[in-house]
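Some notes on the structure that comes next.
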Amino acid sequence: MTDLDLDWQLEELENGRLIPESNVVELCQRVRDILIEESNIQWISSPVTICGDIHGQLHDLLELFRIGGSCPGTKYLFLGDFVDRGFYSVETFLLLLTLKCKYPKEMTLIRGNHESRQITQVYGFYDECVRKYGSANVWRYCCEIFDYLSLGALVDGKVFCVHGGLSPSISSIDQIRLLDRKQEVPHEGAMCDLLWSDPEDISGWGLSPRGAGFLFGADVSEVFNRANDLSFIARAHQLVMEGYKIHFSDKDKQYPKFTNEEDSELDSDSASPVDDSPAPGDIITIPEKDKGSVVTVWSAPNYCYRCGNVASILQLDENQTQSFKIFGTASQERSGIPTKRPIADYFL
């Protein structure tokens, strides 16, 4: 293999410029060699910052790094769904692969349901690769990388991280380690469920309206957590307007928010109602007594450039303290949204 200038690649991709196809080939070969040595469940030590769906929103990914810290100073775990729907899936995925190549221990990437040949041919990544590179070659290289991504991660042996959720076929994390992950995402079975399932306020298991995976209730997650000695499950997969969600908590309440700006002093007579919705700059720490058995992290602000949601990253310290850092979309000058361009059908 020839030497890759990873710093040059990072600069090009961060500025929304494509790297040559020959660089993509070598980058994918190098990352494949790294991933093939990784387990189905990657062990990660805290502190770590956990990130949810990105969906090709490159400039919002750069905003995430701005507020979360640059790698390798900050250790990152991304929960999949790097591509599709956004305008810059190619640059987004290649940027993350370049970081993985340069900092393999500080950048962990696991598979989402959109890291799939079938799904990317429907929701945009395939078409984007063909449009930007003139053929489907880059898409094929990336799809091979999809097959080698881990299915989950375990932080300090206490926090199970997965893209979607649980499976009725899986009662222990050791069972996940035995799965053959180096394949296209199956239409059913344990591997499919891990990438597609969702928590829901039901008892036991339910059919998923997605047509893949399952819905699972608080009782299911509590049994799984107890059997595997887990504190909680961290997952992504679902748009959350507030950027994060605590599932199956005994407490339904607003949590204290801390901003980087000093709060203004208001006397009681002049105080006006306060909007308790999370806002960019807020840091929300969940009290131990109010933790749920499952949390959702969503990291694509203003999803599809029209949903109006904020996003979050989950910062875990050595005690598994949950601190959600809220952020919004990149400024208009840096957002990179093409102008005078119709929204493709797959956004609707």
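Glycine is no exception: its Cβ is also placed from the backbone N, Cα and C atoms.
Taking Ser208, Ser272 one by one, Swiss-Prot attaches phosphoserine to Ser272.
Here Swiss-Prot has Asp53, His55 binding Mn(2+) 1, and the candidate from Asp7, Asp81 in that same listed site is Asp81. According to Swiss-Prot, the residue from His163, His187 that belongs to the Mn(2+) 2 site alongside Asp81, Asn113, His237 is His163. Between the CA atoms of His55 (Mn(2+) 1 binding site) and His114 (active site, proton donor) there is a gap of 9 Å, rounded to the nearest whole number. When the alpha carbons of Asn113 (Mn(2+) 2 binding site) and Asp81 (Mn(2+) 1 binding site) are compared, the span between them is 7 angstrom.
The Mn(2+) 2 site is set by Asp81, Asn113, His163, His237; from the centre of their CB atoms, other residues of the chain with a CB within 8 Å are Asp53, Leu79, Gly80, Gly112, His114, Gly164, Leu195, Trp196, Ala236. Take the CB of His55 (Mn(2+) 1 binding site) and look out to 10 A: across all protein chains shown you find 26 other CB atoms. Distance from the CA of His163 (Mn(2+) 2 binding site) to the CA of His114 (active site, proton donor) is 10 Å. His163 (Mn(2+) 2 binding site) and Asp81 (Mn(2+) 1 binding site) have their C-alpha atoms 8 Å apart, to the nearest angstrom.
Counting only the Cα atoms, the space from His237 (Mn(2+) 2 binding site) to Asp53 (Mn(2+) 1 binding site) is about 7 angstrom.
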